[in-house]
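Undergrad: My questions will all concern the structure given below.
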Amino acid sequence: MAEGCLRALRYGMVFFNLLFWLGGCGILGVGVWLSITQGNFATLSSSLPSLSAANLLIAVGSIIMVIGCLGCVGAVKENRPLLLSFFILLLMILLLEILFMILFFAYQDEIDLYAQSDLKKGLQLFGTEGNIGLTNAWSIVQTDFRCCGVTNHTDWFHVYNATRVPDSCCLEYSDNCGLENPGTWWTAPCYERVKGWLQENLVALWIFALCTALTQILGLVFSMTIFCHAVKVETFYA
């Protein structure tokens, strides 16, 4: 009976990690695809130019693939080093996620101020050579969220040193519409618009976070159970 349960647990972990690995492949593939079209999905940050959607997806996809591979092979072979490596890596990721969440809520005001300051610095790179990605990213954000600037449309006045905004700030897009009357521009701050969108989708974000945590906890339980069984078997035959 116990042997049958263990076999079912092992197969369950293999299936779980196979899906985990395939998911990592998919995320990595999307990241590589986005890196080819980097201009549309670049970072808005000037201090963290590598923190783009493409690079994040490539990094996350690669990590998931490695962890999934360790867990899958470790479960099939009942290999203790691989199972232990899988357990430690997954535990470290879970603890880091909890730590980041605690720090985020503890320093939310400071993070808000830093993010706004960093985004305003990024505005200075808008339209400059070699920053097509940042330029396109700001254009997409302002068009989709119907906003202008980080905290106000006047943020752009400091960039152009004139009463002007990018054409993506216009209520109705047309060439050089950013030079026209301010009454034809979006005036809502993009930072607050994006923050509001996240708050509106907070339930979905929490559900995703809880499902992710539950999946990681199940992976930890499965791997440690199989690891302990492998230790007992090796001790019994020693």
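A Cβ is built for glycine as well, from the same backbone N, Cα and C atoms used for every other residue.
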Undergrad: From the candidates CYS147, CYS148, CYS190, select the one that TrEMBL records as forming a disulfide bond with CYS169.
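TA: If we follow TrEMBL, the cysteine bonded to CYS169 turns out to be CYS148.
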Undergrad: Quick one: give me the count of other CB atoms within 10 A of the CB of CYS148 (disulfide bond).
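TA: Step by step: centre on the Cβ of CYS148 (disulfide bond), count other Cβ atoms within 10 Å, giving 27.
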Undergrad: By a Cβ-Cβ criterion of under 8 Å, what residues six or more beyond either terminus of the transmembrane segment (56-76) are in contact with it?
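TA: For the transmembrane segment (56-76), the nonlocal Cβ contacts are 10, 13-14, 16-18, 20-32, 34-35, 82-83, 85-86, 89-90, 93, 219, 222-223, 226.
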